[in-house]
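Features as listed in TrEMBL:
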TRANSMEM  A:6-24  transmembrane segment
DOMAIN    A:8-468  domain 'NADP transhydrogenase beta-like'
TRANSMEM  A:36-54  transmembrane segment
TRANSMEM  A:60-80  transmembrane segment
TRANSMEM  A:92-118  transmembrane segment
TRANSMEM  A:130-152  transmembrane segment
TRANSMEM  A:164-187  transmembrane segment
TRANSMEM  A:193-213  transmembrane segment
TRANSMEM  A:246-266  transmembrane segment
Amino acid sequence: MNNNLTAILYIAAGILFIMALRGLSSPETSRRGNQFGMIGMALAVAATLFSARFLEGAEWTSWIWIVLAIAAGAIPGALIAKKVPMTSMPQLVAFFHALVGLAAVLIAWSAFLAPVAYGIGEPGAIKVQSIIEMAIGVAIGAITFSGSLIAFAKLDGRMSGKPIILPARHIINIALGAVALLLIILLCTGVQSAFLFFLLTIVAFALGFLLIVPIGGADMPVVVSMLNSYSGWAAAGIGFTLENMALIITGALVGSSGAILSYIMCKGMNRSFISVILGGFGGEDSGPAGGDGGEERPVKQGSPDDAAFIMKNAGKVIIVPGYGMAVAQAQHSLREMCDMLKEEGVDVKYAIHPVAGRMPGHMNVLLAEASVPYDEVFELEDINSEFSTADVAFVIGANDVTNPAAKTDKSSPIYGMPILDVENSGTVLFVKRGMSSGYAGVQNELFFRDNTMMLFGDAKKMCEDIIKAME
Amino acid sequence: MMFFMQDSDKEMAAQTAEEAERTVEEIRETAEAARQAADNLDASADALNGQIGALQALTDTAHVNEFIYLFAIFILAIFVGYYVVWSVTAALHTPLMSVTNAISSVVIVGALIAVGAEVADTAAGGWSMALGVIAVALASVNIFGGFMVTQRMLAMYKKKEKPAPKAQG
């Protein structure tokens, strides 16, 4: 196939990828958008396989290897996609990021070892420009790989979510960064030895590991978004080496997408991006069981029957789900409960905080899985003013995102974080396992208010009990 | 006798002088030729240099380095990405991440080139191809897994079916 035709097909693939993201502006168009993405990918692969460069060099064994390799990847990929529970989406995405990162590293190495195949020079005499691009590609790819593996281990509970603080870690990181830069400069100016390239890869692996290890579980949504962005920049770096427009466009799209999501997550927690990267915030999820201590203040405790009575007689109920709901797998019972309320003529809405769940939009997926219609689910900015007209706010598995201390208490670690104003509603029902504090380790003033009723127990069981009480 | 000898001596001396003169002339001629040849070479080298310079100037004004074009595409795509991603509804941020993940596996293109390369018979080429095969497999996990899990998620987003009786009081 003519080189120009190949290049045009790559541009077409890039445009299809843009349309895939564009489709996500609403759930109706999103499914078609995803199909555009698939077509774009098929186009990019086909354009490569039928390009003049490929057909010239490929032997029949190459084709067999490619078919085998695609099958070896496609089968586990498809199985994972079918089986993974929606609560595990964050770790799945982190795992996938690791794969993209590793693939980028391997491809950069391929290009380094056989530059002729990529048309970037002879072994040991690769164009300086290409060497810079490859070095950047391999470094970002390696950071993405090791960082994503750590994020995966933390999210999947294979590793403690507690931040692991190494002494002098900033100095170590800066030193490693400087070494990586020095290696890149050496590769450009001096000998293009495989040893230097190998050293660069190793240093980048270590850097990715050390960057993510000190970041706590609470900041994982930011980390996953950030690694998403990195995987894009790595792809773009490879794209420059290959002078491939599909890769460059995609890398830019993914890079900016991840960066925007990181920004949204940071804003949702009122944390600066820098402080997240520096790490050390947030402990284990749902907090250590004890740890409150201090004064025992009276709280109003209610039974499922009380809750059923209050909600049945309410005109408008706003549900505030948090990650605790997902952990307890309560979303299906919750939806049933809401269906019953709707039958009673109650207006039911869901309010989602930007950082509810473990990754951007995680809670929306979990609710969608439980067949909650997406037009009943609202974002913080869209629903916050409605709490004052709601009779009941039903908070299930969430804590910090409702804590008024974020508005009033300047010394609180969550001060400045946007919160859902559940305190403005008539009655606040808190479904919680105990009095423990949330991620941030802050006590919630709301528990002790007069219009608050605590419903202690497992979230799923509580919803089922309320359903029974309503029948 | 002496006169005679003198005469012949003179003749010989004159002859030798003539010969010497001729040799000097010859050498001078050769040197001149060499100088001329060197000059010619210099001139042609100059001319070539000039031509190269002119050519360079020509290419420099007519063509920007290819990298700049690619870089322009990169920057423009970042802007496109910026505006497109801000228009993505917050409810679909998780599918956004999984689909961006799937499309970033387009790096598979680079891996395919490595597998198809002609240089597989050298040691480095063999390594390059082996790494390419692994990278194709890794990227494939991502492509199939990423798009399928996105499809699965998106299929769950449903609108309110028939709104529950008198739901909107």
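Please read every residue number as a count from 1 along the shown chain.
Glycine too: its Cβ is placed from the backbone N, Cα and C atoms.
Bear in mind that TrEMBL entries carry predicted annotations, made automatically and left uncurated.
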Taking residues 6+ outside the transmembrane segment (A:60-80), which of them lie with a CB under 8 Å of any CB in it?
49, 92
Most CB pairs under 8 Å with the transmembrane segment (A:246-266): which of A:6-24, A:92-118, A:130-152?
A:6-24
Using a Cβ-Cβ cut-off of under 8 Å, list the residues of the same chain that are 6+ residues beyond the ends of the transmembrane segment (A:6-24) and lie near it.
30-34, 36-37, 39-41, 43-44, 46-48, 50-52, 244-250, 253, 257
